[in-house]
Amino acid sequence: MEDTKMEDSSNQREMSHEEMPETHSKGGLITMPFIIANESFEKVASYGLVPNMILYLIKDYHMGVAKGTNILFFWQAATNFTPILGAFVADSYLGRFLTIGLGSICSLLGMILLWLTAMVPQSKPPPCDLMTQTCSSPTSAQMTLLFFSFVLISLGAGGVRPCSLAFGADQLDRRDNPKNVRVLESFFGWYYASAAISVLIALTGIVYIQYHFGYRVGFGVPAILMLLSALVFFLASPFYLKQQASKSLLTGFVQVIIVAYKNRNLTFPLPNSTASYHHKRDSNVVAPTDKLRFLNKACIIKNPEQDIALDGSAANPWSLCTVEQVEELKALIKVLPLWSTGIIMSINLSQNSFPVLQASSMDRDLTKKFQIPAGSYGMFNIISLALWVIFYDRAILPMASKIKGKPVRIGVKLRMGIGLFLTCIAMVVSAIVENARRKEAIRSGFQNNPTAVVKMSAMWLVPQFCLNGFAEAFTAIGQTEFFYSELPKSMSSIAAALFGLGLAVANVLASVVVSIIDDITSKGGKESWVSSNINKGRIDNYYWVLAILSFINLFYYFLCAWAYGPTGRQATKVKSMAGR
C-alpha cells in the first residue's frame, strides 16, 4: 500500500515515506527487555523508598505521625501527578524517548540527594537527648534538602511512568494486524505483572536492606539501581521506534475551548454538510460528532478566504480549530467521569503509613530466625496482583475460549466494577482486623505503649492487602486499557498517565481526609483517631469511613458506566450487527 497514512477509528496518523522503513525495521519484541528493565529498575528504586519513609521521618526528623503521613501523601501525590505533565510534554514536545531519558536522570539525582541526607549528619536534626527527652526540629535548610530530593524523584517518575507503557505499545502496536487487540491486551497485562514483580522486590529486598543495614545502605542501593535503569534504557537507543511529537495537545485543548466560546453565537451548518468544517487534508474525519455539540463551533469555517491559509491549515489557530482537535477534547471529556470513579480506590491503595505502624506493633515472626519487616507487608498486594494477571492471561482466558470455541475476554467496564467492589471489601476487612488488634493491645495493658508488640500475628493484615491487590489488577489494568483504546492514538501517553493522575488526586484527598478526621476527633482534648499512639487512636473507625466512601463510589461507578454507553469496540459490534 503506497498511501503513507495509517488509519485508526479514532485518530489519523500521518507518516512520511522516509519514516516507513524505520517503522518496519525498528521496534518489535527486541526492545521490550530494555523498556521493561528501565521502568522495573525505576520502580524497584522509587517504591523501595516509600514503606519505611514514615519511620525515617519519625525517628530521624522527629515528626509526628499525622505530619509525616501528610508529607508522604503529598509526595505520593506529586509522584502521581507529574506523569500527566510528562505525558503532555512527551506527546506535544519532546517525544517519549527523550522524556523517559530525562526522567531517568532526574530520578537518579533525587535519589543521590536523599542518600546524602542519610550520609551527611548535618543534613538532618541531631539525635534526641535521652536525658531530657527533648528532640530538635529540622531546620529550614534540612527540610529544603529533603523536599528537593522528593521533588526530583517525583519529576523523574513523571518522565518514566507515563511514557514507558505507551513507548512499549508503540513498538508493538500494528493497527492493521487483526490480532492487534489481543497483542496489546496481553502486553498490558504482562507489563503490569513485571511492574508488580519490581514493586515486590522493592517491598522485600530494599525494605529488608533498610531494616537490617540502615538508611545509608538502604538509600544507596536504590540510587545504584536507578543508575542501571538509565544506562539500560540508553543502551538500546538504536533499536527503538521513536515517534516524534507533532503538536501541543494541551494548547490544542485550550484553543478548542476558547474558539468554541468565541463562536458561541454561530449557527450550526446544515446536517450532512462537511464543507463548513475545517479538517486536515486527506482526513476521513471531515465532520465532528454530535456529542458535546457546543464544541463543534470551534471548527466551523466562517470565511474560507480569511480563515484558511494556502496550505490548507488554519490562518489563525486561535480562531479556527480542526475537527480532529475537537474530537480529541471530546474523547478526553467523555472518559473523565469513569476516570473519577477510580479515585476512592486509589485512596485505599495509598494507605501505606498506617499498615506499617500496625505491623510494627504485631508479631511479625515467620520462624524463630526470620521476621518480616513491617514495611514489607505491602508485597502481598503486589503478589496477588501479579498472580491474578498471570492466571487470567494464561489460564482463565484460554480455558474460557476453548470451552466457547471462540476468543473470550472480560469487558473493561466489568473488570473496573469488580475491582471497585473488591476494594470496598478490603476496607471492611481492614477495619475489622484493626479493631481486633487494638482490643488485644488494650487487653495486654499496652494502651500507653504504642511500640509494644501484641500477641497477634501480623499475617492478619495479609487479606486486606490481597483484596486491594486483586482490586488493582481489575481496575488499574482495566482503566489503562480502557483509556488507551478509547482515546485517540495521539494521546497514548496521556491515556497511560490518567490512572496515575487519579492516584495523585487520591493522595491529596487522602491527606485532606486524614487532616479533617484529625481535627474533628481531637476536639475537646480527645484522642485523635489518627493519633501517634495507635493503641489510643481509632484507625479502625478511619477505615470504616473509607469503606463507606468506597460503597458510595461503587454506585457512582454504575451510574457513570451506564451513562458512558458502549465502549469503542462494543459500539463497532452494535453498528456491524445493525447493518446486517
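Cβ atoms are placed via backbone N, Cα and C, with glycine included.
The region 'Disordered' annotation in TrEMBL covers 1-24.
The transmembrane segment annotation in TrEMBL covers 71-90 (among others). Here the transmembrane segment (71-90) has long-range neighbours at 46, 50, 53-54, 57, 63, 96, 98-99, 103, 150-151, 153-155, 157-163, 166, 245, 248-250, 350, 352-353, 493-494, 496-498, 500-508, 510-511, 514, meaning same-chain residues at least 6 beyond its ends whose C-beta is under 8 angstroms from one of its own.
Taken from TrEMBL, the feature transmembrane segment applies to 97-116 (among others). For the transmembrane segment (97-116), the residues of the chain that approach it from at least six positions outside its boundaries are 38, 42, 45-46, 49, 86, 89-90, 123, 145-146, 148-161, 163-164, 167, 216, 219-220, 222-223, 226-227, 229-230, 233-234, 237, 240, 242, 493, judged by C-beta separation under 8 angstroms.
Under the heading transmembrane segment, TrEMBL lists 146-169 (among others).
TrEMBL lists 190-211 (among others) with the feature transmembrane segment. The list of residues near the transmembrane segment (190-211) in space but at least 6 beyond its ends in sequence, with Cβ under 8 angstroms from a Cβ of it, reads 36, 39-41, 43-49, 51-52, 165, 168, 217-219, 221-222, 373, 375-376, 378-379, 382-383, 385-386, 389-390, 393, 473, 476-477, 480.
Counting only same-chain residues 6+ beyond the ends of the transmembrane segment (217-241), those with a CB under 8 A from a CB of the stretch are 22-23, 26-27, 30-31, 34-35, 37-42, 44-46, 48-49, 52, 97, 100-101, 104-105, 107-108, 111-112, 114-115, 117-118, 156, 160, 167, 170-171, 206, 209-211. Residues or ranges marked as transmembrane segment by TrEMBL: 217-241 (among others).
Among the features that TrEMBL reports, transmembrane segment is placed at 374-392 (among others).
The transmembrane segment annotation in TrEMBL covers 412-433 (among others).
Marked as transmembrane segment by TrEMBL: 494-517 (among others).
Here TrEMBL flags 542-565 (among others) as transmembrane segment.
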### Query
the transmembrane segment (412-433) and the transmembrane segment (542-565): do they have three or more Cβ pairs under 8 Å, with pairs 6 or more apart in sequence?
yes
### Query
Which sequence positions outside the transmembrane segment (146-169), separated from its termini by at least 6 residues, show Cβ-Cβ distances below 8 Å to it?
31-32, 35-36, 38-39, 42, 46, 49, 61, 75, 78-87, 89-90, 96-97, 99-111, 113-114, 117, 123-124, 138, 184, 187-188, 191, 226, 229, 240, 480, 484, 492-497, 500
